[in-house]
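A.B. asks: To start, I am sharing the structure in question, which I have written as structure tokens.
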Amino acid sequence: MGVRAGPLEKLIERAGGCAIIDGGLATELEALGADVNDPLWSAFCLISNPDLIKQATIPGFLSKGLSIEEGEFLLRKSVKLAVEARDDFWKHLQKTSKHNYNRALVAASVGSYGAYLADGSEYSGHYGTDVNLEKLKDFHRRRLQVLVDAGPDLLAFETIPNKLEAQALAELLDEENIQIPSWICFSSVDGEHASSGESFKECLDILNRSDRISVVGINCASPQIIENLILEFRKLTKKAVAVYPNSGEVWDGRAKKWLPSECFGDRSFEVLAKRWRDSGASLIGGCCRTTPSTIQAISRVLKNKS
């Protein structure tokens, strides 16, 4: 028996049919002085500066000399910090007579195997011939268990570049009998296929068979390709669609730097967010290089409609 997407469905309904996702965590951490130029990405802040917290994995923490127990503790801490921040904010709001906020949900972010490799393969989907379905399930299993035990409202599988990893995650949710909603969002480079070159029909045919997956979508792709992908997803699935693109800049995973490219500002996101909502997106936000002001711009235009 599968889970119901109650919390997500209710949030989307309360938001008038389209809810808001937050923005690029690592971008804001950098703005606050954090150094995220590390294979752990922003998860390094759980070690170096937890008071400031993306992609945290037990193997990643082990590579930094931490024990398994310490790595699991940091994973739990990542969820607990987010829950505490949400609860403190909500408690403060209750002292205000009037506000138009919905109580936020905390999603435990689960990055792809490629994000752990830190070699850019989350944007190519090419993991090598030795990576099979069981290896991917084994890679994700313990992290999934630890994160769920920490008490998030949902799981957000992000930047998934290929069909094999999507299948591994869908099967793993069943094997572990996960009882909180999940979403799976893919990366795409050309705006027509997953980063691996596989068709989204192939990918979504797998996810459509799982009622543990409430939402599917795209993240960390260029804003330019999002609208067409929403329209394509709406043809391929009855699940809600989430989109949270990056700023339009391109990340060079091997050189570990952002390449000069067209960058979409807040005004562009305002215009695009309306089009994405009207095209059928139920959750809209931002990923890398988007900022709190980007999310404010999206929120402003979506709330005006609601």
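Placement of Cβ uses the backbone N, Cα and C atoms for every residue, glycine included.
Okay, so TrEMBL annotates it like this:
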- 7-302: domain 'Hcy-binding' (DOMAIN)
- CYS220, CYS287, CYS288: Zn(2+) binding site (BINDING)
A.B. asks: Would you say which of the binding-site residues CYS220, CYS287, CYS288 has the most Cβ atoms within 10 Å of its own Cβ?
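C.D. replies: Result of the Cβ crowding comparison: CYS287.
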A.B. asks: Kindly state the mean pLDDT of the domain 'Hcy-binding' (7-302) in the predicted structure.
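C.D. replies: A mean pLDDT of 87 is what the model gives the domain 'Hcy-binding' (7-302).
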